[in-house]
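Please read the structure below before turning to the comments.
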Amino acid sequence: MDSPELSYVAGLFVPADNRHFVAYGSVLMLLALLHRLSLFRMTMVSVNERALLFRAREVKKAASRARSVIWSATSIVAPSERLVGQEYRFVMFRKVMKCLWKALTTDWISIRSPHFHTYFLTREVVEIVLQASQAYKASALVARAWLVDLFVGAMVLNCWSTPVVAAWFARRHRVSEPKESYEKAVVLALNIVFQIICCMMFPAVIFLNYYPKYELQTHGFSVDTYYDDATFVGLVLEGQMVAPTTIFDFVSKLLPHWSIYSSVNQVSQCIVRRQQMHAEAPSTKPTLTQPNSSTVWVPMFERRQRMSVVVHRLMILCGIVVTGVHLHARLRVWSLDMRGCRKPLNPWGSSAFPCAVFHVDCRRNSDGSSSDRDFVELNRESLQALAFVHCPALRAPPVIRDFRNLQGVNIYNSTLVAWDVESAFDVATQLQLTYVSFADVNFTTFPPALLDTALPPTLNDMEFSHTNLTTLPSNVTEVWSSLVILFVEFSDLQVIPPTLLQTNLYWLSLIGNNISNINYQSNARIDGNTNVDAVPTWATHEHFNGELQMYGTPYCEQKSPPDGDVATCVVQPIGLFGMYQYSFVKQLYAADGI
């Protein structure tokens, strides 16, 4: 994703200053390697033992080893009277490092360790906090309600599974012999299942939905994906859900994978053969007198039980709160009928109607235009794409400035009477805006809002198709300096301002206009029955590295057009940034039923 070929696609999901795909990928690859090594070790143990065993035979139990680490660590508390000064500090440092290394190489968080409950409950609390943040993000970005329900349901069940299993085993312990290892194994297995749903199945469903639309040849998605505003917005929002946009977001996505790895290794410790404890020969070394279990382990067990009860109640409460908030968001959308919304969302805590793609059909209004009252019930933060269609006398409403996450505006089959500076885009807040398009639009005058020098710097795509434009503004260098794509097709364009050459345009399409002469442009489509009858002299210069597509022009209608590599008279296929998809857009709004 950090390669130049994928920079446009990556920019849809993650801002340029937050792209750390190489670092994120390296961490995930390391975790995947740990998974593979763990599975390989389990397989080899089962093969060597000729049985379903995932851990090698052990002589001493992990709990005993963990206790020995604790008691050995206490031996450094009393300093030696013979060591003083720098020598004493050096010896103490060696002992501390030795105990630390022993603790790290011991199964102190294994399923049989006395510290397992503390480790597992701490991990559960952190997981739930991070999953709650991901669930909130999913409610605000993912429009497919069933997919959000799946994620939230898995999170809530993960909150409730540990307390329910603990309560069930506690009841069984009253009438039978306690089997604590079974309880741990069940809790870990359920945790693995719910984590797989949240961190694997959920992003996999999103990935598989858009993968067929991706074209390897162009390093982008199919052209229809960009012109269908509902599909495009869904791609961007769900891509932002899957891709890590911040460091905290990456940690939230990484921890469930680590949890799966840790839980699998801990569950594997249950599948072992019972081993006989080997008697150890008496040692002549001085031994540390250990306190009686009735004075240490019983209070520790009681404290652990009290901590478990508190954490379990908090987990149950968290699941109830998340369920209530999510159901409230879903019921609010179900209860409201927002005409024109093509992609409703379900963000938590929203008081207005959340809609990502909104179409304003001016035929519903008596004045044939749009006003701020069309957006009274709309959530200002959720709107991503806006379209004005079938407007006989459209006056752009000032409320356009309030949609800070707006990505684009489409105007179709309308007469644009006015789009004043008061309704222009806000350069300070609307930093997600990327495109503005006009199709079948009659301009009474060129919109002053698009001539404002304070246009958002992210606006890089402006397209006109089947309009009555005869010329472009002379100050395009100042107001359209951020444009990369400019289509002016099947209009009445006759002259192109010379200052257009000073912009950073990557693709310019002028198909179907009455242009008889064109100035320098690196990549230009001037085919489609334009009036260009000769290759411009600037195109034959040795420093010109572009190509002129001149199919349908008087130049190509000659009986034997001159051969050359600069101009081509062959119809070129439409690529990623091809001509405006007028026929597709027309069918899209016709099928929309508005």
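Backbone N, Cα and C define each Cβ position, glycine as well.
Since the structure is predicted, the reported quantities are computational estimates derived from the model, not experimental observations.
Noted in TrEMBL for the protein shown:
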TRANSMEM  20-40  transmembrane segment
TRANSMEM  146-169  transmembrane segment
TRANSMEM  189-211  transmembrane segment
TRANSMEM  310-329  transmembrane segment
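Counted over residue pairs separated by six or more positions, the transmembrane segment (189-211) shares at least 3 Cβ pairs under 8 angstroms with the transmembrane segment (146-169), which defines the two as touching. Within the same chain, residues 121, 124-125, 128, 132, 135, 139, 148-149, 152, 155-157, 159-160, 162-163, 166, 346-350 sit at least 6 positions outside the transmembrane segment (310-329) and bring their C-beta atoms closer than 8 Å to a C-beta of that stretch. Here the transmembrane segment (20-40) has long-range neighbours at 1-2, 10, 14, 244, 247, 250, 254, 257-258, 261, 264-265, meaning same-chain residues at least 6 beyond its ends whose C-beta is under 8 angstroms from one of its own.
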